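TrEMBL annotations:
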{"type": "DOMAIN", "residues": "600-664", "note": "domain 'CBS'"}
{"type": "DOMAIN", "residues": "697-755", "note": "domain 'CBS'"}
{"type": "TRANSMEM", "residues": "68-92", "note": "transmembrane segment"}
{"type": "TRANSMEM", "residues": "153-175", "note": "transmembrane segment"}
{"type": "TRANSMEM", "residues": "195-215", "note": "transmembrane segment"}
{"type": "TRANSMEM", "residues": "227-243", "note": "transmembrane segment"}
{"type": "TRANSMEM", "residues": "255-279", "note": "transmembrane segment"}
{"type": "TRANSMEM", "residues": "332-356", "note": "transmembrane segment"}
{"type": "TRANSMEM", "residues": "368-385", "note": "transmembrane segment"}
{"type": "TRANSMEM", "residues": "441-461", "note": "transmembrane segment"}
{"type": "TRANSMEM", "residues": "468-487", "note": "transmembrane segment"}
{"type": "TRANSMEM", "residues": "515-540", "note": "transmembrane segment"}
Amino acid sequence: MVNAGDMNGSGNLMDFLDEPFPDVGTYEDFHTIDWLREKSRDTDRHRKITSRSKESIWEFIKSLLDAWSGWVVMLKIGLLAGTLAGVIDLAVDWMTDLKEGVCLSAFWYSHEQCCWTSNETTFEDRVKCPQWQKWSELLVNQSEGASAYILNYFLYIMWALCFAFLAVSLVRVFAPYACGSGIPEIKTILSGFIIRGYLGKWTLLIKTVTLVLVVSSGLSLGKEGPLVHVACCCGNFFSSLFSKYSKNEGKRREVLSAAAAAGVSVAFGAPIGGVLFSLEEVSYYFPLKTLWRSFFAALVAAFTLRSINPFGNSRLVLFYVEYHTPWYMAELFPFILLGVFGGLWGTLFIRCNIAWCRRRKTTRLGKYPVLEVIVVTAITAIIAYPNPYTRRSTSELISELFNDCGALESSQLCDYINDPNMTRPVDDIPDRPAGPGVYTAMWQLALALIFKIIITIFTFGMKIPSGLFIPSMAVGAMAGRMVGIGVEQVAYHHHDWIIFRNWCRPGADCVTPGLYAMVGAAACLGGVTRMTVSLVVIMFELTGGLEYIVPLMAAAVTSKWVADAFGKEGIYEAHIHLNGYPFLDVKDEFTHRTLATDVMRPRRGEPALSVLTQDSMTVEDVETLIKETDYNGFPVVVSKDSERLIGFAQRRELILAIKNARQRQDGVVSNSIVHFTEDPPELPPNSPHPLKLRRILNLSPFTVTDHTPMETVVDIFRKLGLRQCLVTRSGRLLGIITKKDVLRHMAQMANQDPESIMFN
């Protein structure tokens, strides 16, 4: 990289570029940043601040403010992300209940909040109070009977359609980038790709509002993935207020990595899990300094959400649980089976969802996003309402499935036949035979499981905000709870079997079905996303118990192994490839024995490489070359005969430099000589002023020889975040390899369409 201090001009008009001019160093939309240049620029900036801090007290104070600006940004991100998450949780709670009824004493209260203040509730019917009325009670004064059921059913569907239509319309009109999960695009942006507007203020506003609407509509999606997008929008907004981050795309991405951690922190109430999620799943460049700041941002976000207390239970999430029974070694077998189920579900979901999304892209279906959302919402609402486990919000469903059956539970899942002589404490209720409510719940859960598996495939990827964490967890939790109840009943009725004899004596509380639901949820989420470490930590923070880490680890690792046996891609990587984002995944392995000469451009039979010479081209020649090509930059050589490499000039900076020279320097005309050397070339008398562009020349472009193995080249591109590297032999320029050339070659070696990586 070229440092400003290395440019010693002669002080005349032609050296005006030794002073910075607007927009130099910026990038165009849908282009990749140059990580090495951004790092070099930040090092130069820091060196200048350090040297100036010794000149005066004011400069010293400015250097302290610069050092603390990163922590200030993290504080603001945590406060705003936590506040938005709390508001979203409260609004979703109210609007979800609005589909079924309204609170007469205060219409802005959800069902639960409405009955908190009532003195007329009983323990058995603590969700029933006169202040809360279903729509049938309010409109026709009937709470029971066919007409009341049909009216409630109809209004449930109408509210769902209204919410979904409003959401998709807002996204379509005001912020098209607010759709989807956002995590595939965040991963791509953090790898260095520029998508202007994706983290903008309009996207933040519309995604926050529409996220409330779509989750309240009852669609099979969650808010956890989009909350990462929302937090990154907050990070982008606050980083734009500080020149340290707004003028350096590499530093901005450090802020966005920390913001992603804050997003997961408020989504799951898991600050440590959020940091690990950012490190394991989304970040491309994650230095130690970013780790500390991510932890701080996640901590502030979690503290802010805890202060808002959206669920009224002093917890950060709705489905926080605590278990009182240890697990036993014999239970590892069903836990591993749940891991196998999670891996198979992940594989099925990814293949079916990607096939459906590809069909949406390549057929007329993609031209009618509003109609698609309305149809899927209508089908979801019509099928969901009759089943109590699909009618309620998915977070409430997971909460009920995770819960242990204590003496205070009134759920159907806890309808066991009690021993009238039981005198055990509340937290140590022994295993009991299942009652009719449990058997009813089992077949309802089985139907709900099939419905969730199918409808989620068609829901994820529509033109609305849609997260995948909660639906995946719901699928696993339903399967896990059913397995847990099955193991519990087998253990109760056959406690004399050899596997139960040592740990499940009569009258003991040995099997916790809620634990199986939690393990199943982790397995399915792991199968879809291929997370391991961060997933286990998130689930551990949800339960607050170290004791259950081994079952969670067993299920997460098994689900990853099973899913990886069918394909290495998680759902986010699959969507990145579907959309053609230029993303080099560090997890991908390249084992083919090809060389740089096999991949570089130009190939045999192709036109020669477009280059600039160091001191023999005119302004008109350079402008013609820029106009006739669409390359992002040009190698600079001594001459077209020798082709000895001097450096590399970016297209955008050439355009800006020539434009500014014409405006600010007299004597620059079309036939002025452009030179990249320190001293101007020998020119005949009366020649127009030459234009010196050495300032924008990268004198140390990354180069490889033509016999460098592509395995090494791929590693260099991954670890240094290169946009391109030049191929030379004995200092002579042979060709160029860009990031897209690498991606095309990797696709070709994997027997895929090389053009599938092109952004669309």
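Note: Cβ is positioned from N, Cα and C throughout, glycine not excepted.
Note on the domain 'CBS' (697-755): its mean pLDDT in the predicted model is 89. Long-range contacts of the transmembrane segment (153-175) within its own chain (CB-CB distance under 8 A, at least 6 residues past either end) are made by residues 95, 98-100, 135, 200, 202-203, 205-207, 209-210, 213-214, 216-219, 369-370, 373-374, 377-378, 380-382, 385, 391, 462-465. Residue counts for the domain 'CBS' (600-664) under DSSP (helix as H, G, I; strand as E, B; rest coil) come to 24 helix, 17 strand, 24 coil. Through the fold, the transmembrane segment (368-385) approaches residues 153, 156-157, 160-161, 164-165, 167-169, 172, 217-220, 360, 391, 451, 455, 458-459, 462-464 of its own chain, all at least 6 residues removed from its boundaries and within a Cβ separation under 8 Å. Within its own chain, the transmembrane segment (227-243) is flanked in space by residues 69, 72-73, 76-77, 80-81, 84-85, 88, 181-183, 185-186, 189, 199-201, 203-204, 207-208, 211, 251-252, 255-256, 258-260, 262-264, 266-267, 282, 301, 465, 467, which lie at least six positions past its ends and keep a Cβ under 8 Å from the stretch. As a quick check, the transmembrane segment (332-356) and the transmembrane segment (515-540) clear the bar of 3 or more Cβ pairs under 8 A, pairs 6 or more apart, so the two touch. Assigned with DSSP, the residues of the domain 'CBS' (697-755) fall into helix, strand and coil as follows: 24 helix, 19 strand, 16 coil.
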